[in-house]
Structures are given as structure tokens and as C-alpha cells.
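Report on the structure given below.
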Amino acid sequence: MAIERTLSIIKPDAVAKNVIGKIYSRFEDNGLKVIAAKLAWLSPQEAGEFYAVHKERPFYKDLVSFMTSGPVMIQALEGENAIAKNRELMGATDPKKADPGTIRADFAESIDANAVHGSDGEDTAKVEIGFFFPAMSVYSGR
Ligand code: IDP
Ligand code: MG
């Protein structure tokens, strides 16, 4: 297995529920290290660009509107197999279908308000980390 990096976002619903720390514990307890982080309130333009891959999907407008409804906690995570590991910790997109013990099963209410984002592959991870963090704000190898 390789050491990878992935982008994670704690979405407005989970930030509002005050569970940033609980979600960070899931990362830390499973070998994922926070190597960059910031709390931000995304503009419609920023959220729209971040989710541009979903532009043609029927839920795009709702997604952008939800992601700009409050502050989000954005972090780059590093660790063994980080991309798949984070997806595993997150659980399925629809919290009703997410395995027990996953972040979405434990903290999310609906497919719209589903607590977390995680990169889905090496290419998207690279692009997504670069979208939010310049190289000088990423601190690896601590
Ligand atoms: P993911 O977050 O599990 O990677 P994606 O398919 O990449 O899921 O979709 C991005 C986000 O768009 C989801 O996390 C969810 O918030 C929203 N979304 C996806 N599918 C639907 C849907 O069918 N209805 C409403 N929102 C959806
Ligand atoms: Mg996705």
C-alpha cells in the first residue's frame, strides 16, 4: 500500500452539529493525519467550481446551495491508502445505506446533508487538494 493524500470536507450540517472533533477522531484513530486544514464559508462560485463535475446532474443546484449554507471544515489527509480509507470511514453517499459505524451513518441525516466529502481517486484528490491549499500550506512528514 502507498502513502496517499486525499481531500476531506466536513459539510455545513456536521459543522453545525458541532462534531468536527468527533469526525477528526475517526481520521486519527484510523491512521489518517491532518496535513492541512481551514474553516471556510464557500461562495456559490467556489462551491460551484469545486463540484463542476456534477454540473449536469439534477441535484447540482441543491448541492451548491447546501454547501454554501454555512461554514465547512476543509482538510487534506495523509496516510496508507488514504483515499479508499477515507471513503470507507465516510460510508455510502446515502446515509440510510451507509454501514453502521461510518461517519455518514452516525452523523448524517439525508443524501443532501451527508456530513462529509471525500476525494474518489488519485487524480481528483490531487486537483481537490490544490483547489483549497497552496503547496506551502500543506505540512507533511511531521
Ligand atoms: P460522494 O459525496 O459520496 O462522493 P457523489 O456522487 O460524488 O457522492 O455526489 C456528490 C454529492 O452530491 C453527495 O455527497 C451528495 O451530497 C450529493 N448527491 C449525490 N447524489 C445525490 C442525489 O441523488 N440527490 C441529492 N444529492 C445527491
Ligand atoms: Mg464524490
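Every residue gets a Cβ built from N, Cα and C, even glycine.
Automatic, uncurated: that is what TrEMBL annotation is.
According to TrEMBL, the feature domain 'Nucleoside diphosphate kinase-like' maps to 3-140. Among the features that TrEMBL reports, ATP binding site is placed at K11, F59, R87, T93, R104, N114. For H117, the entry in TrEMBL reads active site, pros-phosphohistidine intermediate.
Among the binding-site residues K11, F59, R87, T93, R104, N114, the ones whose Cβ sits under 6 Å from an atom of ligand 1 are, in sequence order, F59, T93, N114. Site extent for ATP: among the recorded binding residues K11, F59, R87, T93, R104, N114, the largest C-alpha separation is 21 Å. Annotation: R87, T93 are the binding-site residues among F59, R87, T93 whose CA atoms are within 10 angstroms of the CA of H117 (active site, pros-phosphohistidine intermediate). Classification of K11 (ATP binding site) by DSSP places it in coil, neither helical nor stranded. Within 10 Å of its Cβ, the residue among the binding-site residues T93, N114 with the fewest other Cβ atoms is T93. Residue counts for the domain 'Nucleoside diphosphate kinase-like' (3-140) by DSSP state, with H, G and I taken as helix and E and B as strand, are 64 helix, 28 strand, 46 coil.
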